[in-house]
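Notes follow the structure.
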Amino acid sequence: MAAFLDDLLAGWRSAWRRPGSNALLIAVLALGIGSATAMFSVMRPVLMQALPYADPERLVYVWETDLANGELTGGASFPDLADWRARTRTLARIGAYARSNASLATPGGSPRRILALNVTHDLAATLGVTPILGRDFQDSDDRLGAAPVAMLSEGLWRGSFGADPTVVGQRLEIDGASTEIIGVMPAGGPWALRGDIWRPVVPTQKNFLEERGVHSLSVVARLAAGTTIDQADQDMRRIASALESEYPEENVGRNARVVGMHAFLLADIKRPLGMLAAAVGILLLLTCCNAAMLLIARAGAREAELGLRSSLGAARARLLRQFAAESLILALIGGLLGVALAHASLQVMVALNPLPALAPDRWRVDLAALAFTLLTSVLAALLAGTVPAWIASKIDPARALGNARGTSAIGGEAARRILVSVQVAVAMALLLGVGVLLRSYVQLTRIDPGLRPAGVATVSLDLPPSDYPMPPLEEYPHWPALVRFMDNLIERARAIPGAQSVALTQHAPLAPAWTTSLEVEGRSVPAGTHEEIQLNGFSPGALATLGIPLLAGRDFDARDRADSAKVLLINAAAARRYFPGQDPVGRRIRFWRTWREVVGVVGDVRSDGLSEPAQPMLHVPLAQAPMSSMTLSVRTSGDPTLLLKPMRETLWAVEPAAVPFDEGSIIERLDRLLAPQQFAFALTGLLALLAGLLALSGQIGLITLEVQRRRSEIGVRVALGARPHHVLSTILQRSLRATAVGMGLGLAVYLAAAPVLEHFVYGIATRDPLSSISVIAIFLVTALLAAAIPARRALRLDPMQALRAE
């Protein structure tokens, strides 16, 4: 142990004696270690930490499925939930929730939009979590007519109430109703179970309590002791099959499945995170290869010192140990810098991250990340230092001390070429992948979204339920107060300076729409199944305002009111599916228990993301399907963002209690749709760029060593009149051979792994020839230019000095 400490001290002194060369080596190691630490900090809260609940492995989601319509994670209705609770043999507790938006107004403050988690009274008990202040909900809170109560999230409590310990018992206004604060829920938990407030679900969905066909609840359950997920899944399938038989109209085709909570929450992000982690691991391997190249070069520069120590009796094991200690010192310093790099990288990634499922609020370099950094530094020291230490320990003392011919006594030429080939292969594989992602991203930016986005400003809005209570289902859609509001808002918005046309829509342009069951007159479906379709609401003039083409029939107009004939528009995708080769205008479709006539066909709009084809959709007049949440759109010939302020002012002039949100232009909405692809491309592109730079620097280092090793031969050949291009060719031939081998290996590796990218590209094949040829050509030209830098230095060698050395 004492000897190893001496070696560490010697390594520290050696590092300080060569600050220039060590700075580059430390920077390379810091790059790899810092990237790995940042990736660990991203993955740990999502993949490696247990859910912050009691016995989280027993928590499951219970979903309704509708395989005929491709639905695997459907919600449950209130009647179905009651039956599940009464009939299950495998679930100890069952809770449920529905996420929604709400308006919040604190005393003296204006209303603002928040995210509400509307929960059954026993959800917290099912999860195994308790309030940090106050009490949980009781059964009496979750009933019709109960006094409004709510629990704050810890984030809202700290941010808006200054962590006031006396907040319990205070009142605030939620959706226009005075509500008592009864508790504060702790921070943490997965993104799907987060909300600014928790409130009882029954009062928020009073019209749907008896509606078995309204599937609005996400169901969470706790397995009974000794029960497996498979057993619970079979149990729930049994219950769902019985309910389908008992309620064939509402539950036709609906089954149930049980999925572990943690597994479900990771389903959409596990693969991309795994790919990103693999890319970071590859980058770490590249930095270790590059560091090994630098250490081999340093061993060559120290051959006289090493030869002298060997001739004076230094044991090979001692040389190995000292080289390893020096590598460890450099790696630990690189690790320290890597921690700072990881911290800075996380700040940038938090600002760019468009995926709340990755829990960016929990990304930090904590003690676990520091322990990972230490472990990674030691691993990097082993990977980077083992081969150079072995080569240096095999030095020939006689050649080292008598080296006057300009040849090196340090071996390892084969190792250096292998390291360069590995670096080039890995960089090439990454760059080929990024080339495909880049072309895919370009394809996405060229997709026609189905509307004319330029010049349209949008402001979404919520109206307070206390002022606009939804009428009973038997009276709906007659909602006079809401219809008057919509008419007044459209009339006033038309007067905004610069406004060319105005419209209201149920959902924001390009946003996902609701789905509903439908029946097409004259169309039969297999027994035991039903069909579903997306649904949106339009005011008259919405097609012109949004730039959606009318393909057949007519648009909505002022005659389409709640008490007039029920009509609808369908998009081209719906016309192709339900009326192939026919004229849909005049045909009838039934949903919400009402037959409606098709009066027009409109163009397809991509509401499920640009990479997904437009799905069949119905458009109904807003007056015939009013909702208290909607979006105001205004088209202008100028900058649409300049209309946002007058649009807000117009809204408040019509309804002071309205809560505007999600303001911006449709162009900005398109940018947000592309944000996940931009984020993925930026990260992988940066990693591939760094990998390419490391590979090229390794190539430059190899050629520099080749020049150093053969400097006397080169000098003699120049002195004897060799032509410069012959000298360059001789120097580059063997070194670029390693680069060519690496490029071939990288291409083979990418072609073998290309199917993994199928889920992440759009519009092109993962083995796209154009992308591959472009990347190979760019890398080859760059490699040749990089190789020419050290090669040309060889031509400037003084022949007389070379001859004197001989």
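Here the Cβ of each residue, glycine as well, is placed from N, Cα and C on the backbone.
In TrEMBL, annotation is done automatically, which means it is predicted and not curated.
Here's what TrEMBL has on this protein:
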type	residues	note
TRANSMEM	23-43	transmembrane segment
DOMAIN	23-238	domain 'MacB-like periplasmic core'
TRANSMEM	273-296	transmembrane segment
DOMAIN	279-397	domain 'ABC3 transporter permease C-terminal'
TRANSMEM	328-350	transmembrane segment
TRANSMEM	370-391	transmembrane segment
TRANSMEM	418-438	transmembrane segment
DOMAIN	497-635	domain 'MacB-like periplasmic core'
TRANSMEM	679-705	transmembrane segment
DOMAIN	686-799	domain 'ABC3 transporter permease C-terminal'
TRANSMEM	738-757	transmembrane segment
TRANSMEM	769-791	transmembrane segment
Long-range environment of the transmembrane segment (679-705) - Cβ separation under 8 angstroms, sequence gap at least 6: 28, 31, 35, 272, 276, 279-280, 282-283, 286-287, 289-290, 293-294, 296-297, 300, 349, 352-355, 416-417, 419-420, 423-424, 426-428, 430-431, 433-434, 437-438, 441, 731-732, 735-736, 738-739, 742, 760, 779, 782-783, 786-787, 789-791
Outside the transmembrane segment (769-791), six or more residues from its ends: residues with CB under 8 Å to it: 424, 427-428, 431-432, 434-436, 438-439, 692, 696, 699-700, 703-704, 707, 728, 731-732, 735-736, 739, 743, 747, 750
Cβ-Cβ under 8 Å with the transmembrane segment (738-757): same-chain residues at least 6 beyond its ends: 275, 417-418, 420-429, 431-433, 436-437, 695, 699, 702, 766-767, 772, 776, 779-780, 783, 787
Stretch with greatest number of CB pairs under 8 Å, the transmembrane segment (273-296) reference, 23-43, 328-350, 418-438 candidates: 23-43
Non-local residues, at least 6 beyond the ends, that sit with Cβ under 8 Å of the transmembrane segment (418-438): 279, 282, 285-286, 289-290, 292-293, 387, 677, 680-681, 684-685, 687-688, 691-692, 694-695, 698-699, 702, 735, 738-739, 741-743, 745-747, 749-750, 753-754, 757, 760-761, 764, 766, 768, 771-772, 774-776, 779, 783
Per-state residue totals over the domain 'MacB-like periplasmic core' (497-635) - DSSP helix, strand, coil: 15 helix, 56 strand, 68 coil
